[in-house]
Structures are given as structure tokens and as C-alpha cells.
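The transmembrane segment feature in Swiss-Prot is assigned to 1-21, 54-74, 83-103, 119-139, 162-182, 199-219, 277-297, 328-348, 362-382, 584-604, 619-639, 645-665. Here Swiss-Prot flags 22-53, 104-118, 183-198, 298-327, 383-583, 640-644 as topological domain 'Extracellular', drawing on sequence analysis. Feature annotation from Swiss-Prot assigns N-linked glycosylation site to ASN50, ASN439, ASN498, ASN513. Taken from Swiss-Prot, the feature topological domain 'Cytoplasmic' applies to 75-82, 140-161, 220-276, 349-361, 605-618, 666-707, supported by sequence analysis. Among the features that Swiss-Prot reports, region 'Extracellular domain (ECD)' is placed at 383-583. Among the features that Swiss-Prot reports, region 'Disordered' is placed at 682-707. The compositional bias 'Basic and acidic residues' feature in Swiss-Prot is assigned to 684-694.
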Amino acid sequence: MGMSKSLSCFGYPLSIFFIVVNEFCERFSYYGMRALLILYFRNFIGWDDNLSTVIYHTFVALCYLTPILGALIADAWLGKFKTIVWLSIVYTIGQAVTSLSSVNELTDNNHDGTPDSLPVHVAVCMIGLLLIALGTGGIKPCVSAFGGDQFEEGQEKQRNRFFSIFYLAINAGSLLSTIITPMVRVQQCGIHVKQACYPLAFGIPAILMAVSLIVFIIGSGMYKKFKPQGNILSKVVKCICFAIKNRFRHRSKQFPKRAHWLDWAKEKYDERLIAQIKMVTRVLFLYIPLPMFWALFDQQGSRWTLQATTMSGRIGILEIQPDQMQTVNTILIIILVPIMDAVVYPLIAKCGLNFTSLKKMTIGMFLASMAFVAAAILQVEIDKTLPVFPKANEVQIKVLNVGSENMIISLPGQTVTLNQMSQTNEFMTFNEDTLTSINITSGSQVTMITPSLEAGQRHTLLVWAPNNYRVVNDGLTQKSDKGENGIRFVNTYSQPINVTMSGKVYEHIASYNASEYQFFTSGVKGFTVSSAGISEQCRRDFESPYLEFGSAYTYLITSQATGCPQVTEFEDIPPNTMNMAWQIPQYFLITSGEVVFSITGLEFSYSQAPSNMKSVLQAGWLLTVAVGNIIVLIVAGAGQINKQWAEYILFAALLLVVCVIFAIMARFYTYVNPAEIEAQFEEDEKKKNPEKNDLYPSLAPVSQTQM
């Protein structure tokens with residue numbers, strides 16, 4: 001039969017500890033791999049940001065659509081235990097294949113460090129990701145439900161606590177993996193050419209998935225395993241279709257109404273199946289509003305991360321990168337879950353308040369809505385600090401005097417005086433049809449120029465004499481979306497120069513011309529200037545000042561009297577000033593909402609599902625996550641909202657409306673005990689059929705010898 005009651009630890013079945021460790025390792029594997037995907041697509045395979053993002057979100061969506069398939073396999077064919085084992089094997093193979101796809105030497109026959117056939121790597125990677133999506137999605141609804149199966153009747157408190165521990169394991173694995181795997185990626189490895197170590201970074205998640213599988217199998221002898229119930233989904237669909245058809249045939253008033261529309265299936269299906277379907281449909285009906293929560297929650301990895309790129313990551317002695325702010329969510333979960341279970345919920349119970357599962361979920365949705373209100377308020381404050389970029393019908397220009405004389409620059413409506421080696425304080429904005437000419441005056445010499453300026457762009461006018469100038473299109477229309485710093489160089493030597501800065505090369509910068517911007521993370525960056533016109537005795541190595549977040553600078557390279565280079569820095573875009581720590585309140589609100597919404601949702605889905613449909617209902621719960629991501633694409637894409645704070649308010653308002661609707665729906669929901677209902681049906685069947693000990697033997701645990 002099942003596990004002995006003596007095999008317990010601290011009042012919990014010993015088997016669940018294997019399940020929790022299994023989940024920790026699996027989540028480490030999944031999130032560690034997922035943290036690398038975008039950079040792998042862009043830097044290794046060479047896709048642009050848009051295609052990389054599309055493939056990434058397609059993969060994530062697939063991971064949340066395949067749980068339906070996993071639930072069907074578990075409930076109709078293999079059972080939860082075997083489904084977890086076999087799909088974990090598929091999962092492990094997928095991780096290994098993905099790691100293989102990142103090995104340069106797979107097609108690098110000439111050993112130059114670049115794959116000779118990228119399509120081969122793409123094909124291998126896609127096969128690996130498909131296997132991972134099938135594996136991780138397939139086991140998602142089974143593991144939590146299988147853990148719930150291990151508890152005896154009367155252990156509801158321990159089972160509820162298990163779902164909290166289970167969720168804690170998920171986030172602990174996620175936190176460690178998102179810290180460790182990026183650290184491994186930046187290491188250098190390779191057989192012939194040393195470069196970013198994607199094979200090992202993907203390989204560690206593959207190893208953890210293998211460990212997850214081994215740990216799960218070790219606990220096999222302790223698990224309670226239930227026989228699969230047959231193709232239950234097919235029965236459910238047929239029963240529902242028959243009920244609808246039968247009701248439609250008997251729609252005239254001469255036929256008496258029945259208590260529930262599913263009761264119209266009684267002519268063909270037994271009452272026990274109908275009662276089970278009623279339980280499932282009532283819960284699925286409650287699921288309808290839930291995707292809106294995930295629509296907001298999953299924007300931590302997109303909109304909130306982009307918001308962080310416009311902020312400063314200096315927090316005391318720490319320096320936080322924009323994408324690392326997501327770890328705040330995981331850290332807060334690890335802190336809040338024990339506090340909620342050990343302090344908050346017991347206090348609420350002592351106060352005599354009936355804090356039901358659906359009430360908790362309603363509170364969670366409200367907190368998530370308030371998190372986006374906080375994000376909107378923060379965005380308004382951030383917008384006040386951001387530079388103004390030109391609109392589609394505008395041009396912006398600043399003047400940089402790289403000559404040896406003072407100059408007066410006359411533009412429509414304003415005149416500025418520039419000393420040698422200086423620039424205007426800020427970019428000046430004009431309608432594209434008003435800036436038709438500029439006067440440059442030096443002493444008694446006046447030159448009128450008619451620059452060609454591109455609408456919607458920033459430009460720099462390099463001037464070194466009234467009749468010697470160059471207009472440079474800056475190419476910056478926004479701050480870096482990664483919080484990086486843009487650096488360009490202007491050469492005033494008569495010969496071209498080359499600059500190497502932190503491994504990036506600015507090649508052949510022409511005389512009195514500017515390079516393109518290249519982008520760097522925060523910190524002090526060293527650079528080397530080289531040219532045929534610079535003597536070997538000259539100093540060539542320089543260091544930048546400390547680069548903060550989101551800035552842009554022009555480094556002017558001029559010749560001293562000795563002919564040696566001299567560097568002058570000019571600020572093009574100021575660094576971010578709002579600190580990322582201001583995001584913590586919104587992360588606290590969204591995480592608090594997640595703790596009372598998501599953990600409770602898992603617990604509620606299990607407790608209200610009949611014994612033969614628990615995995616299906618868990619899959620339905622996970623499906624709401626996929627639908628939530630689709631909502632983000634629809635609202636964000638169709639809304640065309642220019643102000644980000646307004647989009648945050650829109651999402652907050654939508655969830656608030658959905659929260660009210662859900663509260664009303666929850667008000668009319670009646671909690672049931674599926675085990676009691678099924679036991680009553682069993683008792684009734686035994687009375688009707690005394691010769692049969694058990695009409696539904698599938699409800700009994702299976703002997704280990706049968707597995």
C-alpha cells in the first residue's frame with residue numbers, strides 16, 4: 001500500500017522531503033537555464049533583441065501550456081510518479097542538448113572561435129528547448145499534486161504548510177541559480193579559443209536536473225502512489241457535451257428544470273462523475289479572472305527591469321545591475337513565507353477572522369494592483385529626471401568647439417559664446433523646418449552654414465574654425481535600455497586614431513570626426529589611444545572617471561604641444577539619479593500579493609479537486625500564467641500608451657476591477673470536501689452492490705510491487 005505512518009519527521013510524511021529537494025533542484029535547473037537564454041540568443045547565435053525576445057517568450061509560454069499534456073499523461077496513462085520520472089528524463093536530455101548547442105567546437109572546424117554553421121547550433125538549441133518545455137511543463141502539475149497525495153486524512157494543516165515549503169523551495173532554487181549561472185557564464189572557457197562559458201553555464205542546470213531526478217527516485221519506496229484513473233478528460237468533455245445537448249433538446253417548458261445544468265447528463269453518466277465535474281467546473285469558473293494577476297506579476301522581468309535601467313544602482317557600498325533587482329522578489333518570498341505561516345495567519349485565526357483561501361487570493365490581487373500604483377508614482381518621479389529627446393518633427397543640436405579660438409554661435413532665437421575646447425550646456429531643440437541656417441563668428445570672420453539635420457535625432461556640431469565644421473548624428477534617441485553608459489571619441493589629430501576601451505575597439509576614427517557610441521557597464525574603464533602620429537614616448541593609456549548608470553560621454557582627443565594625446569570629457573547624457581532602492585516598495589507589495597495569492601491558489605486547487613482530477617486542475621492553474629502573459633502583449637501592444645506611468649495605472653485599474661469581480665464570485669462559492677463526497681458515493685455504491693468491496697478501486701494506493 002502507501003507509506004507507513006511511522007515514516008514521518010516532525011509530523012510530516014518523510015517522502016515529502018524528497019519531493020521538496022527534487023523541486024529545489026528542478027527550479028534551480030529551469031531558472032538557471034532561463035536566465036542565460038536572452039544573452040545566449042543575442043551574443044552567441046547573433047539574433048537581434050526583437051527576435052531574441054520573441055523566441056524567449058514563446059519558449060516561456062510553451063512551458064506553461066504543456067502542463068495540460070503532463071496532467072493528461074499522469075491522470076490517464078502513467079500516474080503522477082511515472083510521469084514525473086519519465087518527463088524528468090526528457091527534461092534532463094533537453095538541458096544537456098541545449099548545453100551542447102553552445103559548444104563552439106561543434107562546428108568550429110577552423111578553430112577561430114566562431115561557429116562555421118550557426119543553423120546547426122540553432123537547430124540543436126531549438127530541439128533542446130522543446131524537450132525542456134515538454135519536461136518542465138509536463139511535471140509542473142504533477143509534482144505539487146503528488147506531494148499533496150502523501151498526506152493522510154486529518155493532516156490538512158501539514159498539507160497546507162507543505163505548499164508553503166514547496167513554494168519556498170521553488171524560490172530558493174530560483175534565487176541561487178540566477179546568482180550562480182550568470183557568474184559562470186562570464187568565465188572564459190573553450191578548447192581552442194577562450195570565450196564566454198555558455199556550455200558550463202548551461203551544463204550546471206543539466207547536472208542539477210539529473211540530481212533532481214536521482215533524489216526523486218531514491219524516495220520511491222516511501223511514496224503513496226495512486227493508479228491512473230483512465231482518460232478522465234475525455235470523460236469530462238463527453239459528459240459536458242452530452243449535458244449541453246440534452247438540455248438543448250429539452251429546452252421547452254414542458255420539461256421540468258433541474259438543479260444544475262450538468263444534471264442533464266444523468267441519463268448517460270453516473271452521479272459520481274457528474275459530482276466530480278461539478279467540483280472542477282466551479283473551480284475553473286473561479287480561474288477566469290486570475291490571468292490578470294499574472295499579467296502584472298510577470299512584468300517584473302520586463303517593464304520593471306526596464307524601469308530599473310533608468311535608475312542608479314549604487315546602494316551604499318553595493319552596486320546593483322538592473323536585471324538583478326528581480327532577486328528582490330525571491331529574497332522577499334524567502335522572508336515572507338515563514339512570517340505569514342508562523343505569525344500572520346495564526347494571529348488572524350486568533351482574532352476569530354475567517355480568512356478563507358479565496359479571501360487571501362482577493363487580498364493578493366489587491367496588493368498586486370497597489371504595487372503597480374507604486375510603480376506609476378515612481379515612474380512619474382523618474383520621468384522628471386530624464387533628458388528630453390526630440391520628437392518626430394524636431395531636431396536637437398549642441399555645439400562642441402574643438403578649435404583654438406573662442407566662437408559665437410548664432411541659432412534661431414538664441415546666441416551662445418563658446419570658449420576653446422568647450423560645448424553648449426545642453427542640447428537645443430528646434431522644429432525641423434526652423435533650423436535652416438547657423439552663423440559661426442570668430443573675431444571678424446562670420447560664416448553662415450546650412451546643416452543637413454535628420455528629424456527626430458540629436459546632432460553635434462563640431463567646429464574648429466568658422467569655415468571648418470562637421471555635423472555628427474549622435475544616434476541616441478533614448479537612454480540605454482540596459483542602464484549602460486555610452487562612450488564615443490572625437491579625434492582632433494590630423495591622422496586617424498584607434499582606441500581600445502575595455503576590450504571594445506573604436507577603429508580608424510578620422511581626423512576631426514566622431515566615432516559611434518559603444519556601451520559599457522558601470523565602473524572605471526581603461527582605454528588606449530594609438531595612431532601613427534603619436535610618438536612611442538607618449539602616454540597612451542588612460543582611465544575614465546567612474547561611470548554610473550545610463551550616462552553618455554564624448555571624450556575629446558587633442559594633441560598637446562609635445563604631440564602627445566590629451567583627453568577631455570564632455571557629458572552628453574547625465575547619469576541616472578533616482579536610486580533602484582525606490583523600487584523596493586513595489587517589489588514588497590507584489591511579493592506580498594504573490595505569497596497570499598499563489599501559494600493559496602496551489603493549496604486551494606488541490607483541496608477542491610476530486611482525487612482523479614488533481615493534476616488537471618493544477619494544470620489549469622498553471623495555464624492562467626500563460627494567459628496572463630498573452631494579456632500583457634495585447635494590452636501593451638494595442639494600447640499604444642506613450643507614458644509608461646499611464647500604462648502602469650491602466651494595469652493597476654484592470655486588476656482592481658478584476659479583483660472586485662473575483663471577490664463577488666468568491667462570495668457565492670461554497671467550499672467542498674471532495675474526499676467526503678467521494679466517500680459518500682462509495683458508501684452508497686456498496687449498499688447498492690454489496691457483492692463488490694470497492695466499485696472504484698482506483699482510489700486506493702497501489703502496492704509498490706505493482707509499480
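Every residue gets a Cβ built from N, Cα and C, even glycine.
Model confidence over the topological domain 'Cytoplasmic' (349-361) stands at 88, taken as the mean pLDDT rounded to a whole number. The stretch with the most CB contacts under 8 Å to the transmembrane segment (584-604), chosen from 83-103, 277-297, 328-348, 362-382, 645-665, is 362-382. Listed as Cβ neighbours of the topological domain 'Cytoplasmic' (349-361) (distance under 8 Å, sequence separation of 6 or more from its ends, same chain) are residues 286, 596-597, 600-601, 603-604, 607, 662, 666, 669, 671. The C-beta environment of ASN439 (N-linked glycosylation site), restricted to residues of the same chain at least 6 apart in sequence and closer than 8 Å, consists of ILE408, ILE409, SER410, VAL446, THR447, MET448, ILE449.
Only pairs six or more apart in sequence are counted, and the transmembrane segment (328-348) with the transmembrane segment (162-182) gives three or more Cβ pairs under 8 Å, enough to call it a contact. Here the C-alpha separation of ASN498 (N-linked glycosylation site) and ASN513 (N-linked glycosylation site) works out to 12 Å.
Taking Cβ-Cβ distances under 8 Å and a sequence gap of 6 or more within the same chain, the neighbours of ASN513 (N-linked glycosylation site) are LEU462, ARG470, VAL472, VAL490, ASN491. Highest Cβ pair count under 8 Å relative to the transmembrane segment (83-103), across stretches 54-74, 119-139, 277-297, 362-382: 119-139. Beyond the ends of the transmembrane segment (645-665), by six or more residues, the same chain brings 285-286, 289-290, 292-293, 295-296, 299, 303, 358, 361-362, 365-366, 368-370, 372-373, 375-377, 379-380, 383, 635-636, 639 to within a C-beta distance below 8 angstroms of the stretch. Of all the Cβ atoms in the protein chains shown, 17 others lie within 10 Å of the Cβ of ASN498 (N-linked glycosylation site).
Nonlocal intrachain contacts for the topological domain 'Cytoplasmic' (75-82), taken as residues 6+ away from its ends with a CB within less than 8 angstroms of a stretch CB, comprise 142, 145-146, 149, 220, 223, 225-234, 612-613, 615-616, 702, 707.
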